[in-house]
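A.B. asks: Below is a structure I'd like to ask you about.
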């Protein structure tokens, strides 16, 4: 028996993402990991960064690929499948490549559990919508929203991966010190890696033209935008010679 689309959980999940993003802006505090992990209570258990990132990102990959594999339609025929394939590609990288290469600080168990819950919920939301709810016309592949959206998704993912690589090169294995990132978009902003991921998910939202995707993009903008803002403040306080013309997230503007 085919699974039918239920709009109520889709709208509820999307509203939850928007609410979470709005609360981040209201509270105005960064998530307590990486540069901001000092604010975590000393009594909270810590997990090695590579293990934590692998386990917390894995659910989004498993859910999306699982739904693609089990549906009766051809794997990469309908636009919804292709778009879910892009979502899966991002989380393949985050799960199997980024997690193995990261040289970040250990993550607190609290942050790990929150991130895992988010990846499970958002993975289910995006995959469920694209597989069971999305309806695209046959000409969607030639629609400007799809073409431009996919372009920005790939561009943003490339910026994100390149920026993460540059950050890793600043630190030798085992080091916990910080240095000023140079080159690439770091010439213009402190959060080049965050900017790349924001562009990526905005492109995804444009290509899917769906409420869940736009809600996810809004949450990403709020969450990573806040991280970028506090990263910028961190660099300004730590380094006297930090470039004064460099902005936090948007070149020449913010």
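Don't overthink the numbers, they just go from 1 along the chain as shown.
Placed from the backbone N, Cα and C atoms, the Cβ positions cover glycine too.
Pulled the feature table from TrEMBL, pasting it below:
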- 107-254: domain '3-oxo-5-alpha-steroid 4-dehydrogenase C-terminal' (DOMAIN)
- 6-28: transmembrane segment (TRANSMEM)
- 108-132: transmembrane segment (TRANSMEM)
- 144-162: transmembrane segment (TRANSMEM)
- 183-203: transmembrane segment (TRANSMEM)
- 209-230: transmembrane segment (TRANSMEM)
A.B. asks: Within the domain '3-oxo-5-alpha-steroid 4-dehydrogenase C-terminal' (107-254), count helix residues (DSSP H, G, I), strand residues (E, B) and coil residues, in that order.
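C.D. replies: Split by secondary structure, the domain '3-oxo-5-alpha-steroid 4-dehydrogenase C-terminal' (107-254) comes out as 105 helix, 4 strand, 39 coil.
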A.B. asks: When you scan the chain for residues with a C-beta under 8 Å from the transmembrane segment (6-28), skipping those not six or more beyond its ends, what do you find?
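C.D. replies: Hits for the transmembrane segment (6-28): 121-122, 124-125, 128-129, 133, 211-212, 214-216, 218-219, 221-223, 226.
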A.B. asks: For the domain '3-oxo-5-alpha-steroid 4-dehydrogenase C-terminal' (107-254), provide the mean pLDDT of the predicted model.
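C.D. replies: On average, pLDDT over the domain '3-oxo-5-alpha-steroid 4-dehydrogenase C-terminal' (107-254) sits at 96.
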